[in-house]
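The following features are taken from TrEMBL:
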{"type": "BINDING", "residues": "Cys125, Asp127, His184, Cys187", "note": "Zn(2+) binding site"}
Amino acid sequence: MSQAVFQFSSTSVSMDIIKTPAKYVTIFGSQLKSWEIEQTHMRFLDSFKRTPTLRLKALRESPGLTQEIIDNPQKSIGPIEKGFDAFEEMRHRFLSFKKDKYLENLEHYQTLARGQAPKFMVIACADSRVCPSSILGFQPGEAFVVRNVANLVPPHENGPTETNAALEFAVNSLEVENILVVGHSCCGGIHALMSMQDEMSSSSSFIKSWVVVGKAARLRTIAAVSDLNLDQQCRHCEKESINRSLLNLLTYPWIEDRVEKGMLSLHGGYYDFADCTFEKWTLDCKGCRPKVAGEYSIKNREFWS
């Protein structure tokens, strides 16, 4: 699976970037080959010639409208363009990335196109406020990231999901050295978990059917802080569920094997975006032996503020 993906990426790069003859022009402070520009121009002209409807429509447009668009490119031409306003900002961001990051580090990105060797796999929440790359500064190629509701890891016996499919690829194919499960404050998925009346009852809600994966963390939270209000219980469960996910990782034989050999470490992280602090810790896997339900120990706890 890895080879097929990487072969495709490599081919794309070689087709779009690495061309001959070696005649260059400078664009955005980086050298691009004029052969490419000429080919792009010819493809556009060929498409224009083969699309008479488009050509006739362009000829019928009034010169006044054309000049107005040139003078004021931000003016909306019609109601359909309003739907693209959000993408206009995205386009500018992409072009800025291409100019300031991609073209300035072209050799690095060409290397990434041929393959990846990240040291980290990160399992984070899908919450829009919690982007691991933004928070922890991961650069392209440094972390293999999977995101789901409430950053949960289902146990091995639960069967296939996109999360454990990503785990299998990251551990067995990419051979990552660290798995980091990142939880966060004000997690809606954990709130849904803690608000459930009966986690075993059947439900048509996809969210409830998913967050029930964290039922062990919910039960431990209720046993420990049942006297607190719901918000306080949720904060406790946000961290408890991280540790339960770390223990669930050990139910995968190929993860357990690499952990026992010292080839893989399991870490937890908690991001509080209310005051921008981050807690990091490592699961003490020796402390998990013998396997006793609900027991774990951690080490190397740090608090970044």
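From the backbone N, Cα and C atoms, a Cβ is placed for every residue, glycine too.
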All-chain count of other Cβ atoms within 10 Å of Cys187 (Zn(2+) binding site): 24
In the chain carrying His184 (Zn(2+) binding site), residues 6 or more apart in sequence that have Cβ under 8 angstroms from it: Cys125, Asp127, Arg129, Val130, Asn151, Glu238, Tyr270, Tyr271, Asp272, Phe273
Non-site residues, in chain order, whose CB comes within 8 A of the mean position of the CB atoms of Cys125, Asp127, His184, Cys187 at Zn(2+): Ala124, Ala126, Arg129, Val130, Ala150, Asn151, Gly183, Ser185, Cys186, Gly188, Gly189, Ile190, Glu238, Tyr271
